[in-house]
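Features reported for this protein in Swiss-Prot:
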type: ACT_SITE; residues: Asp144; note: active site
type: ACT_SITE; residues: Asp158; note: active site
type: COMPBIAS; residues: 201-218; note: compositional bias 'Low complexity'
type: REGION; residues: 1-23; note: region 'Disordered'
type: REGION; residues: 185-235; note: region 'Disordered'
type: TRANSMEM; residues: 31-51; note: transmembrane segment
type: TRANSMEM; residues: 84-104; note: transmembrane segment
type: TRANSMEM; residues: 108-128; note: transmembrane segment
type: TRANSMEM; residues: 156-176; note: transmembrane segment
Amino acid sequence: MTDETSGPAEPVTDAPGDAESPAQPKRRLRLLLTVAAVVLFLDVVTKVLAVRLLTPGQPVSIIGDTVTWTLVRNSGAAFSMATGYTWVLTLVATGVVIGIIWMGRRLVSPWWALGLGLILGGATGNLVDRFFRSPGPLRGHVVDFFSVGWWPVFNVADPSVVGGAILLVALSLFGFDFDTVGRRRPGEDAEPSAGASDSTPEAPAADGPDKPAGPVGPEDAAEESKTVGHQAEPS
């Protein structure tokens, strides 16, 4: 006999969050590449203008002698560090760019996409100089043009890389992972260990051989009295 009150089965549909989750890495990758493209564009344009308008060794004052336009050719890393290792820095920067692009395909956090985009744009901007400026490929000198006080001369790419790295460190410290949208829950890492401890079987108590439960008969009582008597005898 069939139940006439039951209606037709409703089709099972995915939740809106499940339908959007596969598209999130693609959107984050687009955000990453957009930020990187903006940084790269600003870096390349400002370097071209600096080379055309500035003369090496002749700073142009912006705020006295504290902030100036100063054209410098840098063979080292950001802020004129590690000079003399140009080809090593070029290979390292190339590896960083490849790693960020590979990681960008799995990004879910928009903040991680922003930080990685800043690093990618800055690293790519300096790589353009490494490959296409004198004295040659892998050995090209980066164009720096902005000087602030005692700080080394830098360009747009340098603070972009440093700012992106600081952002990623802050996100990691505050519990924002690259593969999640929000913060990581504080007890999320402790749950597996707690579950494992609960499932550990308890060891049986070693109290000697088990005796059958039930009423004590005359023979058992006599045996117990003999045992007590032997224990009470002086040694």
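For all residues, glycine too, the Cβ spot is worked out from N, Cα and C.
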Asp158 (active site) and Asp144 (active site), distance between Cα atoms, whole Å: 9
Cβ atoms near Asp144 (active site) (within 10 Å, other residues, all chains): 26
Asp158 (active site) - helix vs strand vs coil (DSSP): helix
